[in-house]
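Data block below; observations after.
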Amino acid sequence: MTSVCFLAGRTAALIPAAGSGTRLGRGPKAFVEVAGQSLLARSVAALAPWVDEVLVALPEGFPLPPGLPAQAILGGTTRQESVWRLLHATTADVVLVHDAARPFLPGAVVTALLEAVSETGAATAALPVADTLVRGERGRWADLVPREGLWAVQTPQAFRRALLLRAHAAARAEGFGATDDAGLIARLGLPVRLVPGDARLFKVTTPGDLALAQAVAAVWDATCDAP
């Protein structure tokens, strides 16, 4: 583990990877390969140097590939349920929740998140929105949405584990479903720090994303972004 002097206690990376990958159309997305390595393997490799343990929630019938420095648990039927199970599978003080489908994670983003979470208890990687945004109605341009102050949220997201457990417990008690953990913190009226992310942290969701990932991997693997 790479030393992070501003954090006390243990740190764990939690990767909910039990999704079916329907939009990509190639089975469970975490096991799809980019330049000879699965999305999951790339995400684990990017996180492992910064944490004390890596935990992965996998779909039933899909064991953890050999050689990965991680432990696996059975994921839930939703991402939210998988994260809930992962939170109970560790005793770490701080957790980094990361999508396996974001395989290109620069170390600088991780260190910035860990520094921020030591101050605020919750932080997420994010990028200011650069594109023009419009609201559509039945396939037609309706209203322009001002992009000033808008951020596109990425992962990893970093939390004090006790705080994220509290947020998840509140959501479960109220039957509230979410696809984002930082949003559960904000829902309680608590602050979430926005940490500058990286354009390479895009999520592989569609065949077009996969083609882009193949192109990025050629450069990424040659430069070998490392702590």
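Quick reminder: no glycine exception, Cβ is built from N, Cα and C everywhere.
Bear in mind that the values here come from a model prediction, so they are computed numbers and not experimental data.
Here Swiss-Prot flags ARG23, LYS29 as site 'Transition state stabilizer'. Sequence annotations record features per position, and here Swiss-Prot assigns site 'Positions MEP for the nucleophilic attack' to ARG147, LYS203 based on sequence analysis.
When each of the recorded sites LYS29, ARG147, LYS203 is scored by how many other Cβ atoms sit within 10 Å of its Cβ, ARG147 comes out lowest. Secondary structure from DSSP puts LYS203 (site 'Positions MEP for the nucleophilic attack') in coil.
When the Cα atoms are compared, LYS203 (site 'Positions MEP for the nucleophilic attack') and LYS29 (site 'Transition state stabilizer') turn out to be 11 Å apart.
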